[in-house]
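First the structure, in the form of structure tokens, and then the observations on it.
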Amino acid sequence: MPAITVKPLTPPAGSAIDFGAVITDVDLEHLTDGDFSTIRSALYTHLVVVLKNQHQLTPKAQYELTRRFDPSATQYGHGKTLDAKRSILHPDLKTIPHQPQVQVIGHGFIDSYEGLENITLKHPHHRTFHRDPIPQEDDYDSTRFYRWHIDAALYGLNPPIVTTLLAVKVPGGRRQTVRYDDGSGETMDVPLGTTAFASGERMFELLSEEDKEFALSSRVEYAPHPYIWMSPARSLPTGLGLHSDDLELPLSELPPIDESAIQILPMVWKNPATGKPALQIHPSAVRKIHCGDGTVIDDLKKVREIAYKLQRPAISPQYVYAHDWEEGDLVLFHNRGVLHSVVGAFGEGEVRLFRQCNLAAGEGVVPYRE
């Protein structure tokens with residue numbers, strides 16, 4: 001086969017996205033070191049890489065590709081947290097029996113797939129997580145960013161380097177309007193069931209010099225067992241963090257806490273290939289901010305307000321890439337350089353089936369400023 005070519009995404013009209021690339025012809029079942037090197041370089045350079053026509057990709061090959069970015073990684077990025085019934089992640093994922101690092105996600109009834117029989121998948125609807133959902137009568141045409149996040153346990157396990165997401169079955173073609181509903185008046189036209197991406201590198205670039213310095217010198221402390229801790233809380237309408245209504249579970253109601261597993265991570269992470277800084281904060285899981293002068297901000301409302309102020313500019317419509325899924329698309333995204341969100345709500349009979357793989361990294365994130 002000829003050498004694979006990487007083509008940067010052409011931004012749609014009115015978009016200012018400066019990330020994303022497409023690779024059309026690559027045999028992932030027989031991936032040469034040279035072709036993998038091209039894909040790896042593309043991931044770090046473009047942050048989101050779409051590999052077209054991967055209908056035949058096996059779960060094993062998907063796992064092996066994901067692991068090739070980090071050979072020391074072997075276990076699913078959230079470990080066994082899915083076993084916790086109270087975790088907000090619990091309902092959304094099912095595991096492939098013969099390749100347990102690969103999850104099945106989607107919407108609707110699937111009679112048989114890769115050893116899973118008679119499963120009903122549920123695409124998360126924003127009304128299950130947002131405090132003030134869109135009225136029912138507007139629900140068919142309008143939607144929200146469900147939850148902007150990084151794929152990471154944020155407790156014990158290191159954030160995965162890459163997530164791979166394969167579209168096996170995609171319902172056809174209608175579009176929806178994402179409403180921000182935050183007073184900005186912003187909306188975004190998106191394909192049904194898109195996955196939305198925002199660049200952490202652009203997020204950092206958009207900061208004032210003062211905010212850049214604050215971000216570079218500060219670290220975020222995440223809650224222990226964050227997806228259980230946050231489970232009663234409800235999201236802002238932008239999907240970028242939570243309302244501070246004192247609904248989080250008290251630490252005494254969480255599973256046993258290992259203090260050494262609590263993560264305090266830099267706000268700004270360094271791209272290992274390009275050296276660029278990316279503002280990478282999981283806004284729903286933040287609990288404290290450790291400032292450069294040694295002080296700790298532990299007022300949760302204030303912590304969330306600071307994170308929101310830093311992150312909100314980069315999720316305005318012109319900076320968001322909303323991928324228009326086609327069956328056979330395998331999207332790789334640099335989980336340490338972008339935030340992403342589920343989007344959309346499916347109607348009766350709209351069936352979607354995706355496979356996802358991410359692996360807890362062998363090494364921790366690299367701070368931009370040591």
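Placement of Cβ uses the backbone N, Cα and C atoms for every residue, glycine included.
Non-local contacts of His107 (substrate binding site) by the CB criterion (under 8 A, 6+ apart in sequence, same chain) comprise Leu121, Lys122, His123, Pro171, Gly193, Phe346, Glu350, Val351, Arg352. Per Swiss-Prot, the feature substrate binding site maps to His107; the stated evidence is similarity to another entry.
The secondary structure of His340 (Fe cation binding site), as reduced to three states from DSSP, is extended strand. Counting every protein chain shown, 24 other Cβ atoms lie within 10 Å of the Cβ of His340 (Fe cation binding site). Residues or ranges marked as Fe cation binding site in Swiss-Prot (evidence: experimental evidence): His149, Asp151, His340.
Counting every protein chain shown, the number of other Cβ atoms lying within 10 Å of the Cβ of Thr195 (2-oxoglutarate binding site) is 23. The 2-oxoglutarate binding site annotation in Swiss-Prot covers Thr195, Trp325, Arg352.
When the Cα atoms are compared, Trp325 (2-oxoglutarate binding site) and His340 (Fe cation binding site) turn out to be 15 Å apart. Using the Cβ center of His149, Asp151, His340 for Fe cation, the list of other same-chain residues with Cβ within 8 Å runs, in sequence order, Trp148, Ile150, Ala152, Thr163, His282, Asn335, Val338, Leu339, Ser341.
Its Cβ placed at the centre, Trp325 (2-oxoglutarate binding site) has 21 other Cβ atoms within 10 Å. Each of Leu165, Ala167, Val170, Gly193, Thr194, His323, Phe354 belongs to the same chain as Thr195, Trp325, Arg352, is absent from that list, and has a C-beta within 8 angstroms of the C-beta centroid marking the 2-oxoglutarate site.
Residues listed for 2-oxoglutarate, Thr195, Trp325, Arg352, cover a largest CA to CA span of 13 Å.
Checking each of the binding-site residues His149, Asp151, His340 against Thr195 (2-oxoglutarate binding site) by C-alpha distance, the shortest gap belongs to His340.
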